[in-house]
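Features of the protein shown, as given by TrEMBL:
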- B:700-762: domain 'CBS' (DOMAIN)
- B:75-96: transmembrane segment (TRANSMEM)
- B:132-153: transmembrane segment (TRANSMEM)
- B:173-196: transmembrane segment (TRANSMEM)
- B:240-264: transmembrane segment (TRANSMEM)
- B:270-290: transmembrane segment (TRANSMEM)
- B:327-347: transmembrane segment (TRANSMEM)
- B:367-388: transmembrane segment (TRANSMEM)
- B:452-483: transmembrane segment (TRANSMEM)
- B:504-529: transmembrane segment (TRANSMEM)
- B:535-552: transmembrane segment (TRANSMEM)
Number of protein chains: 2
Amino acid sequence: MYNSNHSITDVETDDVESEVGESTYSRPLLIKRVNVTSQIALVGAKICPVESLDYEIPENELVNEDWRLRRKIQVFQYVLLKWAFALIIGVSTGLVGIFNNIAVENIAGFKLLLTTELMLKHRYYKAFMTYAGCNLGLATLAAALCAFIAPAAAGSGIPEVKAYLNGVDAYSILAPSTLFVKIFGSIFGVAAGFVVGKEGPMVHTGSCIASLIGQGGSRKYGLTWRWLRYFKNDRDRRDLITCGAAAGVAAAFRAPVGGVLFALEEAASWWRSALLWRTFFTTAVVAIVLRGFIDFCSTGSCGLFGQGGLIMYDISAAKVVYSVPDILAVILLGVIGGLLGSLYNYLVDKVLRTYSIINEKGAVVKIVLVIMISLLTSICSYGLPWLATCVPCPDNVSTSCPNTDVSGNYKSFQCPPGHYNDLASLFLNTNDDAIRNLLSTNTAKEFHISSLLIFFGAVYFLGIITYGIAVPSGLFIPVILAGSCYGRLVGRLFEPVSKLDNGLFSLLGAASFLGGTMRMTVSLCVILLELTNDLLVLPLIMLVLLISKTMGDMFNQGVYDQIVKLKGLPYIKAHPEHYMKHLVARDVVTGPLITFSSVEMVGNIIHALRSTGHNGFPVIDEPPFSDAPELCGLVLRSHLLVLLKGKFFSRDKVLARNETLRNIAELDFAKGGSGKGLKLEDLDIKEEEMDMHVDLHPIVNTSPYAVAETMSLAKAAVLFRELGLRHMCVVPKSRGRPPVVGILTRHDFLPEHILGLYPHVRYRK
Amino acid sequence: MYNSNHSITDVETDDVESEVGESTYSRPLLIKRVNVTSQIALVGAKICPVESLDYEIPENELVNEDWRLRRKIQVFQYVLLKWAFALIIGVSTGLVGIFNNIAVENIAGFKLLLTTELMLKHRYYKAFMTYAGCNLGLATLAAALCAFIAPAAAGSGIPEVKAYLNGVDAYSILAPSTLFVKIFGSIFGVAAGFVVGKEGPMVHTGSCIASLIGQGGSRKYGLTWRWLRYFKNDRDRRDLITCGAAAGVAAAFRAPVGGVLFALEEAASWWRSALLWRTFFTTAVVAIVLRGFIDFCSTGSCGLFGQGGLIMYDISAAKVVYSVPDILAVILLGVIGGLLGSLYNYLVDKVLRTYSIINEKGAVVKIVLVIMISLLTSICSYGLPWLATCVPCPDNVSTSCPNTDVSGNYKSFQCPPGHYNDLASLFLNTNDDAIRNLLSTNTAKEFHISSLLIFFGAVYFLGIITYGIAVPSGLFIPVILAGSCYGRLVGRLFEPVSKLDNGLFSLLGAASFLGGTMRMTVSLCVILLELTNDLLVLPLIMLVLLISKTMGDMFNQGVYDQIVKLKGLPYIKAHPEHYMKHLVARDVVTGPLITFSSVEMVGNIIHALRSTGHNGFPVIDEPPFSDAPELCGLVLRSHLLVLLKGKFFSRDKVLARNETLRNIAELDFAKGGSGKGLKLEDLDIKEEEMDMHVDLHPIVNTSPYAVAETMSLAKAAVLFRELGLRHMCVVPKSRGRPPVVGILTRHDFLPEHILGLYPHVRYRK
């Protein structure tokens, strides 16, 4: 608590240090706590632009008053609005998905048409210049958008969404500018021929849309309804963003059930049955929007967009009958997928670390990197097909061979009439069409083994070096490309003993590589099912996913988890680490602890808000308001700011809750969008008001979750994680001490923090 | 705490009452607490044969010691064993599913063959006697098994499994005898021609198998490994049973992904990503086992089992192209499904209440009820087809018409050659075949509208009155039967404007009725997809499920929730009720509270165990073991019994933890199967030992989750539910009082209990 004749830090640091001293010999452990201050600084520096989210709805008098009103009038509207939001998210994500697909197909199609035409005229050098020039232009455009407008839009976006749903709001990750760049950057990036997908960016786009809708309009322009404020809290926003992420997957893969499962398995950290139901509705809306759009485009009104953009691989021509050798082949695929997948993750991590150093040097350097990768990609795509020999066209094909249109299995490239270049069919196509060619059935001999090997190598390494440049880039497509490529290779290997179609092998290869990198199971399985529309392969896909995930998990984490960690986002895992059992809650409490009295001096509050970055402060009831000091509850920085802005001050230290409650309704305690809330600088407190008092009771959350200081840290972590808390009070066990020992936040549960304090605890059994 | 010169009940009741008295005017509410004692008695009586489960792994010194050993040696085995268990559950459930199907198809097929043969000879009376006689015999057998051996096996079993996974172990619901009766009772019941399914019972069967495996062998016959004890706790058992439930659905519907989603959406109350992964493995195993079996049976080695038993409806012949009128039809189906579904639930509830009164009268009465329903079913099945007129066979059918084999679309019944009786094709078939006939495509005119109406009426009402008799009876099949029936009717209605096939309408009807009764979404959607193997209907199925669930939710709960409530199982919902915000934790604490001193007299413990049914007791550290009384932790009845059995007693009140810990490893603290643990009567404490002391420290869970007495009840409920607790300590807020105010258990959070204490709180805003 505050005494006016002490400076804050002095008192509090002492307090904490004594706590710390006590804890080291309170348990029969040989654990030495290392120097605290340096450690905090280090952790603090790393996670600076991150805000933790609070999924607990505070229960203070104000909210209870508000809730009473809400029950009377607005519960029905609230529920209705939830569903309306889900509908809007579904429709907008679906429309963005459509726009994205039409744009990519038209831009990339135009580029490929130009190149093909020049090739047919044997003007090979000019064709390359055109091809590489188009790629370069589009890539630079994408990179410029990313570098100058919204750096947060680079990359997949799934790790950030995952972190958000775990309770970490990275800086501007869901801002409108990010949304804008994500949409257009993704279109230009994919059209530029990079080995990147538009699936991850779609997930991010869906989440951004959901977040924008959850903002409830712009307060600046008066575009907001008062009762939208009920959505302005982290919990409702989280639910909306979960729906958005699911809608993104649904729009990217045309997989509504897969979208729900993706949100459930990979994206979300908390889940409720009611949310399942709402997410499902959102993805159903997306499916219907896409369906309508496909009907519309089938009349030819979407330019070069044919069957192309929305992935849907038809393997139904393949007969799924399998026997023992096929199972062996599937097991082999699983093992390969696990090994290549973990290697992929390892290399992506290394490359990302290198790029993050390069990218720090400024926007121009970022763009230069993009240009270099773009040139390399163009050279590979255009140069490598020259290594392939021309193959005579097969007789019994339904499509024309060689075909000269945008997509298609048989690209003529430099070949004489009646021949095709199999490598060009893979390289000089959009990624979606390349996958479609690889997954095509009844085309066992279409691709040379050497061509497949070259393509696999190129795609594997281009995929690794492309992720991390300043362009929105999904990981699904590179992984599916490489996977289906080696799947076909394995299929050729097993040709003598297996009756499975090569297209099926391709699919299983894609599944195995996906399992090996992303380590998802059920959601991948369903997404692949929805992509291929054939349930008979289900057991094989399940088997291959099980094996590749298990193999991969032996070496490292899934790629998204790895990126989350690399970005320094304080992600809390579902399970506490085993060494947390040997520590207790007070062991990781770090100071200085700052508490307020329940009727506090304005100056003290201002000073505390200014001198620390804390977001929650314990409030102590002291005599005369109680018999002895006792914990009244927890007050949030944002609520304090609003209360101070309202200036409900009184000269003396008296209770004033009734006046405050009567007048406070005009103020908005709802949480604004990220970075939009009231700031300390917005307050205008006069010097004479600094000595006045303010009654905090109306805004104190009187039911904060608290643990005893001797609670095992593992159990405290479970409580913190399961309930989605931002602050947790630690209360003393013995009597005659201040009623609160400290506050635990997300950072206190991070392995880095704990192992920083107790480096040797890791090795304890 | 205990003073030897007080009797237990006196002290503690007083303590609690004073607490209660205080609480009524501690909050500015006009809530009056009503007479406590009568209320507890009432609640207690209702829920007597139920045991709460504890999903918290206690952290006491003993477990920590044990865990240390476990980390060294057995973590790998533990993980391996988890997966081995999943494998075993998958294989056994798959095999049981196969056995069930072969048995049903053969028994019912034999019965139907006999009947058909007699019909062909025009010996109609004898045919009826044979048919009804077979049904009666099978029904009586099933009822006798249920009534005499395992009454818990009656009904679907899904509500009980759902309750178990919520933390309520109903008496003998997962016992081996229940498993036995469930398997054979279900076979006889389905073969007896009842309008029941084998799907719900399969879920229960899977859970029983999982529970048995989790038992870790029989200790009585020495069939157990020592380290299997790590699975003998509620948490690991819960995980196994979740896998079992998923495997059951997978085996029943041949829907592995649907099984996982069913477990996730309907069955489980807690979910972890790791569990998703393991459940998925289990259902994949089931799918592979079933696949092998189907390959085997396709050679004709399974008797009358043809394509029949394992449901798989092929609607792929139908073209899925839909337009506006089809959407209208789908919306209409959804509305009908919601209305009929909620009416169904309402009627099932009423019938169950009536039956529960009848069934209480004893086993013989139960069997008589079954016999009556069996006769009624036989009369309907055999009698109603006479109302149908004979229809001439269509020309362009691939199968023979009329066909005389077991299944088939065109039953001749009493019709002349070249004609068939459409109603007999539905009634005189197994339920699976009837569904297959209803879902058959390109058979628009096969069934008369009048026949469909008659069949719908009969199935709807037979389904309602059959559920609740003493036979294992699933709800899926009756619901699908009735739903697909009115689906076809709506299809006929929309014939002039819709291009959708009648088989598709049937499927959508089934979906709508399922959604209207069971109120599931994603899992039903996936199950139906896996049943029909056609992803193109997905958007329509989603739409119809959304509408029917929404409609149904306006009137009442889902049928399983309703049954859980009817059975008086203390199920805790995911969300606290709104009125819990107006109460605090101490408001619902009911006495008497019994605490132990950390070194307690044996006699006191024995007395407390004998005189109360409590399963958790707070332990207080008192001088000389601490400066002032403070909460040491929580001790479980089962652990106390083991400690007492070990007789680690000392004459004086001294700490003895080291000796105890050294010797205690021989004892088994693992939790036995339900009803298998150590009982008070198993102890053999001599009179002179009653005055000795025992040190409870080694077995005290020193990190129990606790809330302050002023914590809002809603927040306490969230904590209790999310962490899966059995006991929660309530600690005082102010000083100078005993260190624990009371214990909250599952029953304290039930609406009945709270509204019993505070009847008027329900109406508070």
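Here the Cβ of each residue, glycine as well, is placed from N, Cα and C on the backbone.
In TrEMBL, annotation is done automatically, which means it is predicted and not curated.
Contact between the transmembrane segment (B:75-96) and the transmembrane segment (B:367-388) is absent: fewer than three CB pairs lie under 8 Å, with pairs separated by 6 or more positions in sequence. In this chain, the transmembrane segment (B:452-483) lies in contact with the transmembrane segment (B:367-388); the count of Cβ pairs under 8 Å, excluding pairs fewer than 6 apart in sequence, is at least 3.
In the predicted structure, the domain 'CBS' (B:700-762) carries a mean pLDDT of 88. The stretches the transmembrane segment (B:270-290) and the transmembrane segment (B:327-347) are not in mutual contact, being linked by fewer than three Cβ pairs under 8 Å (pairs 6 or more apart in sequence). Remark: secondary structure over the domain 'CBS' (B:700-762) totals 26 helix, 14 strand, 23 coil, with classes taken from DSSP. Highest Cβ pair count under 8 Å relative to the transmembrane segment (B:452-483), across stretches B:173-196, B:240-264, B:535-552: B:173-196. Residues 96, 99-100, 103-104, 107-108, 111, 131, 134-139, 141-142, 145-146, 149-150, 152-154, 157, 160-161, 164, 202, 204-205, 207-209, 211-212, 241, 373-374, 377-378, 381, 430-431, 459, 462-463, 466-467, 471-474, 477-478, 481, 673-674 of the same chain sit 6 or more residues outside the transmembrane segment (B:173-196) yet have a Cβ under 8 Å from a Cβ within it.
Outside the transmembrane segment (B:327-347) by six or more residues, the chain places 460, 463-464, 479, 482-483, 486-487, 490-491, 493-494, 498, 500, 505, 508-509, 511-517, 540, 543-552, 554-559, 562 with a CB less than 8 A from a CB of the stretch.
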